[in-house]
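In what follows, a single structure is set out as structure tokens and then discussed.
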Amino acid sequence: MSLLTEVETPIRNEWGCRCNDSSDPLVAAASIIGILHLILWILDRLFFKCIYRRFKYGLKRGPSTEGVPESMREEYRQKQQSAVDVDDGHFVNIVLE
């Protein structure tokens, strides 16, 4: 019987599986992989904003600031932070002149 068509049905007042090959190592491995996939999917949906922002902005190295005055460094940091803050919302209003 296929994994897709197995249904748990009441058998003698107990819940059980009608298939006889449930102790098959392949079925056990598929179950473990399915559970891990579900856990990873849930974590991805819970933390997607943190995860993808980290990949988008955190892994990029900015330009070298060697020889740049501190005031210009601070201005650059503020621009980078404002770019990250814009990404917080789902919609961004763009005004064309």
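Placed from the backbone N, Cα and C atoms, the Cβ positions cover glycine too.
Marked as N-linked glycosylation site by Swiss-Prot on the basis of sequence analysis: ASN20.
Under the heading site 'Seems to be involved in pH gating', Swiss-Prot lists TRP41. According to DSSP, TRP41 (site 'Seems to be involved in pH gating') is assigned to a helical segment.
According to Swiss-Prot, the feature topological domain 'Intravirion' maps to 44-97.
Residues or ranges marked as phosphoserine by Swiss-Prot: SER64 (among others).
The feature phosphoserine is assigned by Swiss-Prot to SER82 (among others). Secondary structure at SER82 (phosphoserine), taken from DSSP and collapsed to helix, strand or coil, is helix.
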SER82 (phosphoserine) CB neighbourhood, other CB atoms within 10 A: 9
Integer Å distance between the CA atoms belonging to SER82 (phosphoserine) and TRP41 (site 'Seems to be involved in pH gating'): 30
Rounded mean pLDDT for the residues that make up the topological domain 'Intravirion' (44-97): 69
